[in-house]
Amino acid sequence: MNAGIGSRRAVAGKFEDMSNEPGTAPAPAPAPGPSGTPAHGSRIHGCLLGGALGDALGYAVEFDDIAAIRARFGPAGLQDFSALDAGTPFSDDTQMTLYTADGLLEALEWANDGVAADINACLWLAYLRWLGTQGEAAPPSAPAQPPRWIDGQDVLKNRRAPGNACLTGLATGEMGTVQRPVNPESKGCGTVMRSAPFGLIPHIEPDTVYKLSADAASLTHGHPAARQGAGVFSLVIHALASGAGLREATESALGRLRGGVLRKGEDPDPDLVARLEAVLRLAGDAPTAGGVLSPEALVSQLGEGWVAEEALAVALYAVLATLPESEGQPARGTETAAGAGSGSASASASAGEASTAGTAGPEAHFRAAIAVAVNHSGDSDSTASIAGNILGAYYGEQCLPAGWLAALEAPEVIRGMASRLAAVTGS
């Protein structure tokens, strides 16, 4: 398998011809990042590992409200893996993200061999294999596939609170489509939390990225917000991996949702648009409003994150509201993330990493954003996983705390998938 120039032809050619609509514009050209532009391979590793770190920290409190989190970890909430004494497993969010990457990997392998594969079928087969890891048998009508590298990783064969729509949608044995989706009313965040890998495929148009992600979302969820939310998230990742800034990538994805990527006759989901607009407004207000929103205000303004548009909004807010000063606004200390109150978080945080976040370092930003994404009364693992994906795609691996990586469950499996995806895309 040629992972060099041949892979570029495969990605740009075989993938591009899947768009029903012509592309509106190419992705932005790479621009220098905060510490120099990360290599694309570092962005892939950073995205997958960053998502797993956020997922694992958030999974520890996924079903706890903010009062329970404060009672367990103190007023600042859960800030670091060192506070956990029961292991640091990741959840179904990371499992499904890795299986998404493997579905794309298989399609790219076929493309590099000169064979145009049905990409959504490759993703469906990957998700069916994931279903088996959850102890659920696929119906006889569903196609079987020989096991791949990912299927031999025992750490992925654990049931970690999988989403109901993902399980039931795959268990039908029907390959859902946009026109004929399974679970037509479901808009759970299970589409968004698994969709970062679509944005990591280089040399393809943003419209193609959106279509890949939206089509794959329809395999399990049918509501427009679930499909569009996944597509917007993938567009954000794609823009970041192409060199855009964090706010620029968010604004660009929202603009494309309003003006270009949707199928003819389809309107942007109003709840998704409203949440994204609120994110940009609230994050922009953070420096003059006394800091990031308190956990209570966060869920009041943007939601708890159990559905697609809310999970994406909470994650984006966590990333943008803690943006370091050198990137356009001051970062707020991680120790304020779980501060009490219904308005902005208190500026007088307890001692700890608050002063660290005031510096403009990628790791400080990662810690600050993940703290916001974890500490609230909602779907903490999904919101933190999405935030980790975003920052890893932006900064590359340099933002990932070494101590967190040392505590992460099976980082070699995540690195193994990232390395395979990087190799097949020539990264």
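Backbone N, Cα and C define each Cβ position, glycine as well.
The annotation Mg(2+) binding site is assigned in TrEMBL to S91, D92, D93, D379, D381, S382. Counting every protein chain shown, 24 other Cβ atoms lie within 10 Å of the Cβ of S91 (Mg(2+) binding site). For the recorded site, S91 (Mg(2+) binding site), the DSSP three-state label reads coil.
For 25-35, the entry in TrEMBL reads compositional bias 'Pro residues'.
Residues or ranges marked as compositional bias 'Low complexity' by TrEMBL: 333-359.
Under the heading region 'Disordered', TrEMBL lists 17-40 (among others).
Per TrEMBL, region 'Disordered' is recorded for 327-359 (among others).
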Report summary line: CB contacts under 8 angstroms to S382 (Mg(2+) binding site), restricted to the same chain and 6+ apart in sequence, sorted by sequence, are D55, G58, D93, C189, V192, M193, G305, A311
Report summary line: Across all protein chains shown, the binding-site residues D92, D93, D379, D381 give the max Cβ-within-10 Å count at D93
